[in-house]
Every structure is written in C-alpha cells, then in structure tokens.
Amino acid sequence: MSTKSDTYMQMRSLKLTPLYFIYFLAVPCSKQGWNPCSLQWTRGLLAHWTTSKIPLLLFKTMAESQGGRMAGRTARLVLLAGAAALASGSQGDREPVYRDCVLRCEERNCSGGALKHFRSRQPIYMSLAGWTCRDDCKYECMWVTVGLYLQEGQKVPQFHGKWPFSRFLCFQEPASAVASFLNGLASLVMLCRYRTSVPASSPMYPTCVAFAWVSLNAWFWSTVFHTRDTDLTEKMDYFCASTVILHSIYLCCVRTVGLQHPAMASAFRALLLLLLTAHVSYLSLIHFDYGYNMAANVAIGLLNAAWWLAWCLWNQRLPHVHKCVAVVLLLQGLSLLELLDFPPLFWVLDAHAIWHISTIPVHVLFFSFLEDDSLYLLKESEAKVKLD
C-alpha cells in the first residue's frame, strides 16, 4: 500500500512531465471511461483534481524543483485563479467541454487568415451589431454543450447568467427585443395621442410628457440590450429602467402634492436625482451588484405602487381612477412572471419575454389614464379661474 511519502516521491520523479498528466487522468478515466466529450467524464476529472492530494504535491514539487518560495506562490495563484474561474459564471460556461470548445474554436477561426475569412463572410448586420469571431465561438459551443446535456437527460444550463436563446439575424434574444420595441412603439403612439388631445396648459402636461420620453428612452435601451448583450447595453438597460421607476414616483408626487405645493415637488425631484446619481455611480464605479440593483428597484416600485393606490382610494369618486388601479395591480401581478425562471420555449420565449409582451397593453392603459386625468385637471383649473 502506498503512503503519502510514496506518492510524493512518485510526484517528484515525474517532475511535471507529460507522465504527470497521465497519472492525473488515470483515476477519472478508469472510473468514467475514456470519453472526453462526456459531461460525466469532465466532472469526474475536476472532482479528482480538486479533492485529491495531487495539487498540493504538485505545488510542493514545483517549489522544491525550482528552489524557492516564488514558484510555490505562483503555483498557488494558478490554482486560485482556476478555482475562481470555475466558481464564477453559470453552470453551462463552467463546463470544461464548453471552455475547451471555445478555446479550440478561437484557435481555429479567430486569428490570421481564418479571421479574415470569417470577417469576409460575416453578414454586415452582424458586424454592425458587434458580433465578433469570439462571440460566434461562444454561441456555437453553447449549443454543443446544450446538446450534450439533453443527450444525457439533464436540465438545460444557463450560460453567463442567461438561458440559451436561438439567435435570429443579429438579435440575441429575439422575443424580448421585439417586445421591447413594441413597448416603445406603444409609448410613442400614446405620447403623440396625449400631445394631440391635451393642451399644454394642463397642469400635468410637462410632467407627463417628460415621463413619456423617459419611458421611450428606457425601451430603446431595452431593445438594444436584448439585441446585443454587452457590458454597456446591460448597464444602460438597467439604469434607464431605474430612471423610469423614479420618474413614475415623481409623477405620483406631482399629482398628489406637487400641484398644491410646487416647492415640495422640486425638493423631492432633487432628492430623486441625488438617489439616481448615487445608484448609478455605485453600480458603475464600485461594484455592479445585481442583487442590490434588484432590491433597490423593487423597493422603489413598491413605494410607488402604494402611493398611487393610496391616491386612488382617496380620489375614488373620479371616473378615470379605475384605470390607474388596474395599471398598478396589473404591473404588480405581471412582475411575478420574472419569478418563473424556465428555459425558453422553442429557444425563443422565456418568462422575461412574456413579461415584456404583457406590459404593452398596460402602457396604453396608463397613458390613457394620464390623458383623462390631465383633461380633468384642465377643466378643474379653468372652472376655478371662472369662479375667481
């Protein structure tokens, strides 16, 4: 029976030659069978590597063979970097099959003459959308990995925090991109209708028009983000969504107290701008924390919903208040769709896309409420002027 010292002496004799890797592969190959394309094999390989004493012995061998502490430290950094890489990301992009596929694809297609050939045959709309050779490698290898999962009867994994979507033209998430565009189109149509039917002298006119433009901007970036997911488009989508939520609560403030107390509305607007600046600065300059961003938006959204519902309850005599109540309740109910996290149907339609589609009529209803309410306020203000 071999002891730790025997194993260590064997490791010293290997001296990091290819024989070491044969030794390293022996256990997982004998347990799983020689099939490097199998997910079971690659997982067994990783488990053998991370649970065995071999990595520590390797570090000690490196340190002694190169005669210093620096080699040992370097080896430890290598292991830590590898562990960090495996710990980050999603299940799919952590798979060795996926990583090896991407690496080989890049070596084969993304340099020299092969890269020139790739660029020459790439459609112009793909290059304009920013799709690179490396992006194409990730996309193709994603489906290779998904195929292996399905072949072995396992659940579909996520890649880089997202479900696998079937790309259409340059659209990375076609259903969500189209739904975002339709939301923006609905906002634009309702803005034009509002400006046509509501005179600029209405007390809520400037605030409602500003809200419409803020919404249009948010849906534009949502469309861009779902068309092409990059660090920039992701941040713009998130930040603009936060801006819409904050502007909605400002709209509520102006409607409930701002018309009677403009100074209070101005102070509240300054506070919201300060909060938005701090929020964006933290996420951009310090740490892009998805959990914090979600919690902040949910908290402001719930405050916004409670404020609107309280106003509706206080003004239930108004004939158009039921539209506002319906909008608030629908948005809160539809937001639960985000909790239904499932692989996309037909590789296109996921819960997020369904949520985007379902909000289109809600935007139409809310702008209809703003139109009715603005006309009501205009008539009320004109009646007061006549009495005076």
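For all residues, glycine too, the Cβ spot is worked out from N, Cα and C.
Remember, predicted model here, so these are calculated numbers, not experimental data.
Features of the protein shown, as given by TrEMBL:
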{"type": "TRANSMEM", "residues": "204-224", "note": "transmembrane segment"}
{"type": "TRANSMEM", "residues": "236-258", "note": "transmembrane segment"}
{"type": "TRANSMEM", "residues": "270-288", "note": "transmembrane segment"}
{"type": "TRANSMEM", "residues": "294-314", "note": "transmembrane segment"}
{"type": "TRANSMEM", "residues": "326-347", "note": "transmembrane segment"}
{"type": "TRANSMEM", "residues": "353-370", "note": "transmembrane segment"}
Residues of the parent chain within Cβ reach of the transmembrane segment (204-224), under 8 Å, 6 or more residues beyond its termini: 176-177, 180-181, 183-184, 187-188, 190-191, 194-195, 198, 233, 236-237, 240-241, 243-244, 247-248, 250-251, 254-255, 258-259, 356, 363, 367, 370, 373-374, 377
Stretch of maximal Cβ-Cβ contact with the transmembrane segment (236-258) [cut-off: under 8 Å; candidates 270-288, 294-314, 353-370]: 294-314
Intrachain neighbours beyond the transmembrane segment (294-314), with Cβ under 8 angstroms and 6 or more residues off its ends: 241-242, 245-246, 248-249, 252-253, 255-256, 279, 321, 324-325, 328, 331-332, 335
